[in-house]
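Student: Structure incoming, see below.
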Amino acid sequence: MPIESGSCASARQAKQKRKSHSLSIRRTNSSEQERAGLQRDMLEGQDSKLPSAIRNTLLELFGQIEREFENLYIENLELRREIDTLNERLAGEGQAIDGAELSKGQLKTKASHSTSQLSQKLKTTYKASTSKIVSSFKTTTSRAICQLLKEYVGHRDGIWDVSVAKTQPVVLGTASADHTALLWSIETGKCLVKYVGHVGSVNSIKFHPTEQVALTASGDQTAHIWRYIVQLPTPQPTADCNQVSGEDEVEISDKDEPDGDGEGSSDCPTVRAPLTSLKSHQGVVIAADWLVGGKQAVTASWDRTANLYDVETSELVHSLTGHDQELTHCCTHPTQRLVVTASRDTTFRLWDFRDPSIHSVNVFQGHT
């Protein structure tokens, strides 16, 4: 075989390099099409329930995402080159000024010194502002000394509402899921009166503005108005409510009273029947309140309505409709004929009964 000369070998090697370089350029320029075709071929070879149009759309989206990441990677490389150039320039300036060679670590430290100073300044300012807020809370909390003064034990289920009488004698009232409402001596913690007229959970209790009368709302779809007469006991050094008697008060519940439950309430005088029962709702009555003067009462129900009643006749005066979901609460103004109702429909409404001929309503929205 003829032996190839050195010049011919070098020419052939250069030609191969140019050929491989051109191939690499063409491969780079056509990489997106090849990748898309390869991915499409791979997907076509896989079992998929997606329509071909949706699969092609997904491929195009994935391709766009990949191109975005490639652009970010290229930008990152360019930024790194610029940082290296700046570091070299800073190194030259450092040698001219200080006359000493700076190591790579020193250059990084000097280049990031201004940035770290700004960051530290921001952190210091933020900590100072937040520390002032936190210290103000700590100061307020340190002044408040909270301790348990009295515990009122007597209910056998959850307590839904607590209220205080507006007239003398001032007593505490509680409404409970155990179907009872209890009146308590605030000072001694002793149960004074037990109301057992409801056959469902007692959800609300409110006291009449001038008389010893209470208004309770219940899950039995009624609201009761009942009278009580209490005589406050003389305050004792220790609460006189630890005796458990055997009175047959458990008939109001469908379960027996466990040992130790109901202490302080089992020996209470019991009111079994209301003066008036307000019956117009078709769902749970969740709350009730007196209008100013105590001659009318308003109730709120899960049947999406609120009712205004005449107390003396028990007649329905107005049915307040408009809420789209169950009502959750109602309350009245202490000196004006105004009623507020709240609902699960994320709104509350202000009902105005100051003009006897008309009543208006304002709807307040904002909660979600």
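Cβ coordinates come from backbone N, Cα and C, glycine included.
Here TrEMBL flags 22-31 as compositional bias 'Polar residues'. Taken from TrEMBL, the feature compositional bias 'Acidic residues' applies to 246-264. The region 'Disordered' annotation in TrEMBL covers 1-36, 237-269. Taken from TrEMBL, the feature repeat 'WD' applies to 152-194, 195-226, 278-319, 320-361.
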Student: For the repeat 'WD' (320-361), give me same-chain residues lying six or more residues beyond its boundaries with a C-beta closer than 8 angstroms to one of its C-beta atoms, as numbers and ranges.
Tutor: 283, 286-292, 298-308, 367-368
Student: What average pLDDT is reported by the model for the repeat 'WD' (320-361)?
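Tutor: Value for the repeat 'WD' (320-361), mean pLDDT as a whole number: 93.
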Student: Let me spell it out: take the repeat 'WD' (278-319), skip the flanking residues so only those 6+ beyond its ends count, and list any with a Cβ under 8 Å from a Cβ in it.
Tutor: 161, 200, 203-204, 206, 208-211, 213, 215-219, 221-225, 325-337, 339, 341-343, 351, 353, 359
